[in-house]
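As structure tokens, the structure follows; a few thoughts come after it.
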Amino acid sequence: MSEKHPGPLVVEGKLTDAERMKLESNYLRGTIAEDLNDGLTGGFKGDNFLLIRFHGMYQQDDRDIRAERAEQKLEPHHAMLLRCRLPGGVITTKQWQAIDKFAGENTIYGSIRLTNRQTFQFHGILKKNVKPVHQMLHSVGLDALATANDMNRNVLCTSNPYESQLHAEAYEWAKKISEHLLPRTRAYAEIWLDQEKVATTDEEPILGQTYLPRKFKTTVVIPPQNDIDLHANDMNFVAIAENGKLVGFNLLVGGGLSIEHGNKKTYARTASEFGYLPLEHTLAVAEAVVTTQRDWGNRTDRKNAKTKYTLERVGVETFKAEVERRAGIKFEPIRPYEFTGRGDRIGWVKGIDDNWHLTLFIENGRILDYPGRPLKTGLLEIAKIHKGDFRITANQNLIIAGVPESEKAKIEKIAKESGLMNAVTPQRENSMACVSFPTCPLAMAEAERFLPSFIDNIDNLMAKHGVSDEHIVMRVTGCPNGCGRAMLAEVGLVGKAPGRYNLHLGGNRIGTRIPRMYKENITEPEILASLDELIGRWAKEREAGEGFGDFTVRAGIIRPVLDPARDLWD
């Protein structure tokens, strides 16, 4: 990233209403507890509608029937989405059995949705079941604290079961970072777990009384895998190992993908390298990055409030120097690291500890019993007999981790009988979508419901051009908020309107380049016609080992995005 003339450290002006709401919320309590008892509406009123996000929930409604209900003079069919806090995606089989039961008995859709932030979501929780879901999670050692809104969200960690020792160390750091950056308010425990109100004043030494200016995302990544897509995140700790043992981290700050259609003040941005730090400084540095963003982030405009915009406004070196000052360290030069891929290794992998790990491809992360493919029942049966744990990946897949040789056949039999090991193409394995319709209030176009048939069509094109054994990192996101991480794909579709998408090209396989818009507001047939021609050219003209995204740049089909703050919209 180029350094532009540094701007003000703090943006002066009228604060957004979100800042008022946080300040007046009494450390995130609001009147949520009272609202729970209001049976006249299925939703939360006033500030509580937004405050519940700090407690891991979003209020949604079924958009498929919204117009019909409006005609009948009924309020929207409100239900909550709840997202669990699950650093590194590791969940025990006991916990899995509990969430399976809750999903089946207490949600409208009956499904467990794995997300690309290595956790699970319940969709369709009615208001009467909101308190019970928090209590169920607590009973098995889980919570939903700080998985949404202006806090440090669920901390990701590379799913690398092969190098078990390194993964174990990195995972422990992901947990420590998550715990260190949690809010200290007792609101969550008081409202959901019926813990007594204590006559002490709440304090938030790290997050402050008005919390962060905007959402904040953190990862721990183990090269050469970039499965967690570090450049989509505000703060990234890249594991540096010596002789298979973790010794420190490279720190990269200021990634983020969310944009707004037509708003050139918004842009996706890759993270900037700050330097290397030994392990013992990890928590101090994490806190320093968060508090610098807390104090310098833009609280007058939520569309320009994320860390990426703060870095561009004040300058990377200024931000880095402030982090060093607050943490009491000097960063060492970045240690060498490289990425070779982002996908999960589907199927069995033997770890260096001689245990086996089975990665199951879960299309769109949606776990449900489908006709002839009882995925949810199959995973429940595995959870009942498996002595290791489950791991949710950032590609929305699931790893049955730590399977001894003696248990392998038994687990494989259940997985095969449940449709969990059905053969899929390399292209399908490397494609992903966010949830979008019918539950997401921000959705502009279909994503999860669109992807399976769209990939059928892409598979046909790959076969037509003789490249069925290859893949293109392809992602669909229903709106420019970017949950599907399309702005780090080789081919990214960003929803514009029902049935219409912006087509972005020119990202790369390893997720280190932002793609540029190639065509705007086009339909699926138009997308397929463009990709038919381009895949054909790639098949014929590519160099050895050249990915589709790199080819589109080299062939002059699309100009690479070099400095997105300045050239993304050119």
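Every residue gets a Cβ built from N, Cα and C, even glycine.
Marked as [4Fe-4S] cluster binding site by Swiss-Prot on the basis of sequence analysis: Cys434, Cys440, Cys479, Cys483. The Cβ of Cys434 ([4Fe-4S] cluster binding site) lies under 8 Å from the Cβ of Asn116, Cys440, Ala447, Glu448, Val476, Thr477, Gly478, Cys483, Gly484, each of these being in the same chain and 6 or more residues away along the sequence. Look at Cys434 ([4Fe-4S] cluster binding site): DSSP puts it in coil.
Taken residue by residue with DSSP, Cys483 ([4Fe-4S] cluster binding site) is part of neither helix nor strand, so it is coil. The siroheme binding site annotation in Swiss-Prot covers Cys483, and the record cites sequence analysis as its basis.
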Non-site residues, in chain order, whose CB comes within 8 A of the mean position of the CB atoms of Cys434, Cys440, Cys479, Cys483 at [4Fe-4S] cluster: Val435, Ser436, Leu442, Ala443, Ala447, Thr477, Gly478, Asn481, Gly482, Gly484, Gly495
Cβ-Cβ distance under 8 Å to Cys479 ([4Fe-4S] cluster binding site), same chain, at least six residues away: Ser436, Cys440, Leu442, Ala443, Met444, Ala445, Val494, Gly495
Surrounding CB atoms that lie within 10 Å of the CB of Cys483 ([4Fe-4S] cluster binding site), all protein chains: 23
Count of other CB atoms lying within 10 Å of the CB belonging to Cys440 ([4Fe-4S] cluster binding site): 21
